[in-house]
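Engineer: This structure is in structure tokens; I'll ask about it shortly.
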């Protein structure tokens, strides 16, 4: 690390490159052939990066809004009359099958959309793909709004909207990751998660508003769905005025456009060190992709055979599964119905729960970088385990389910512990699992590993949404014991299998898994030299660039991209194995 120097500007808001500057006496990690580049400090945030974060993250808001609105619809009188079934007493109600299908089929659509989005984005580009899937989502909204009495039309509309929501759940983080400067890339992913919670909260607020003022009119649910068009238009039209991601632009031959985009987002001149190294990385990845032989199936087989990658894939899919099995969506999907049964204004309760979820996510963004992944997730598992034990016990043993008004204290207790649970979820398992998945896999298999892990999330999302009405109908609040056990198991998985990645580069995390570092001792692990790490990863075949370049006959390419070095005038070899993540991610934050 470069020595700390007093520089103008707010602490932590400026990125310095002194340690990479061959002309600076403080330079400790230099490449002498790059002495003519600009190494001036850069602002951490630029107007372009802030605008990108706010606009593109609207995809998360659409995701959260579409997910959160359905719980309120199930109790709206007009929605019940139109799409429910006559019960034994003649009152309209939803059967378990019908409510399960209406709620859960969104997840099937999102799963299909997420799988279809990647190849389309490779053909059309990330920017136009986002607009396309916003249009698809809008068609789903239209199908739902125009429904009159056919409940299956609502279900079909949610499937179509799910296509768009699922595609955006892949494309939005992809656009952010391919465009954002490395020093704010993690925050960009967290901003997406933050907007998801904001969308869920807004859906609860609109549900409450229409329930109070339009409860007996079809406007009560049509207005809520229609408001979603505002978010679709902002994202779908706004993204057209943003540049294509530099990595996609480079892939299709628009190299100057890629460089110009980096300059705008980074706030850097064209000859800046950070721009040069990013363009160098993009070129290295592009060359490596051209050298990889075989189709998707052969590459998938290669991933499963690679050292410790199948282990990480199982861990990634397991973490996404247990994120769903925490039981959070039990409240988000069916919270209105749950709390209606205790004679408390369920729409107010949903606003409270979703407001806690949104506000607490800010705390989660701080905790993940200051207390580590393992400690945070284990704490979250224990906290949620205890909350569900109390929730299930009070609901089953203390609440008078025949006449809930006779046990108001039990109802209040349920809401309190549901709030405690949401707080714990929002600061731990909610945002942190997504961050973990992005750093769990080696570069060569990161996209595929993340896709399969995300598919696990959507599949369990569907299963829980569909079967929850049947399970709660059979065992009532004892369902909470199931979630309590799952939270306990999730904590054990983290303790025994998850390596601590706080403060580690992606290359270091990859090396830790390859070296089979004990998760319990991972926070104290001392990384080997960059040269040794590159050698370990090359031998394992998890670094696609190094592996390709190592086999290349082009000596000049190998020297540029594999970490082989320039020779100084003293004839000594200066090594900078695969430019290390410090070179690639460019900068020291002080």
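Going from the start of the chain as shown, residues are counted 1 onward.
Backbone N, Cα and C atoms are what each Cβ position is placed from, and that goes for glycine too.
According to TrEMBL, the protein has these features:
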- 564-590: compositional bias 'Basic and acidic residues' (COMPBIAS)
- 52-502: domain 'Major facilitator superfamily (MFS) profile' (DOMAIN)
- 541-590: region 'Disordered' (REGION)
- 45-65: transmembrane segment (TRANSMEM)
- 99-118: transmembrane segment (TRANSMEM)
- 130-152: transmembrane segment (TRANSMEM)
- 158-177: transmembrane segment (TRANSMEM)
- 189-211: transmembrane segment (TRANSMEM)
- 223-242: transmembrane segment (TRANSMEM)
- 313-335: transmembrane segment (TRANSMEM)
- 347-368: transmembrane segment (TRANSMEM)
- 377-399: transmembrane segment (TRANSMEM)
- 411-437: transmembrane segment (TRANSMEM)
- 458-475: transmembrane segment (TRANSMEM)
- 481-499: transmembrane segment (TRANSMEM)
Engineer: Are there at least 3 C-beta pairs under 8 angstroms linking the transmembrane segment (223-242) and the transmembrane segment (130-152), leaving out pairs fewer than 6 apart in sequence?
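Structural biologist: Contact confirmed: at least 3 Cβ pairs fall under 8 Å.
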Engineer: Under an 8 Å Cβ to Cβ limit, what residues of the same chain, 6 or more beyond the ends of the transmembrane segment (158-177), are close to it?
Structural biologist: 52-53, 56-57, 59-60, 62-63, 66-67, 70, 102, 105-118, 120-121, 126-127, 129-130, 133-141, 143-144, 185, 188-189, 191-192, 235, 245, 438, 451, 454, 458
Engineer: Between the transmembrane segment (223-242) and the transmembrane segment (189-211), are there three or more C-beta pairs closer than 8 Å, counting only pairs 6 or more apart along the chain?
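Structural biologist: Between the transmembrane segment (189-211) and the transmembrane segment (223-242), which are separate recorded stretches, there is contact, as judged by 3 or more close Cβ pairs.
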Engineer: Calculate the per-residue pLDDT averaged over the domain 'Major facilitator superfamily (MFS) profile' (52-502) and state the result as an integer.
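Structural biologist: 83, rounded to a whole number.
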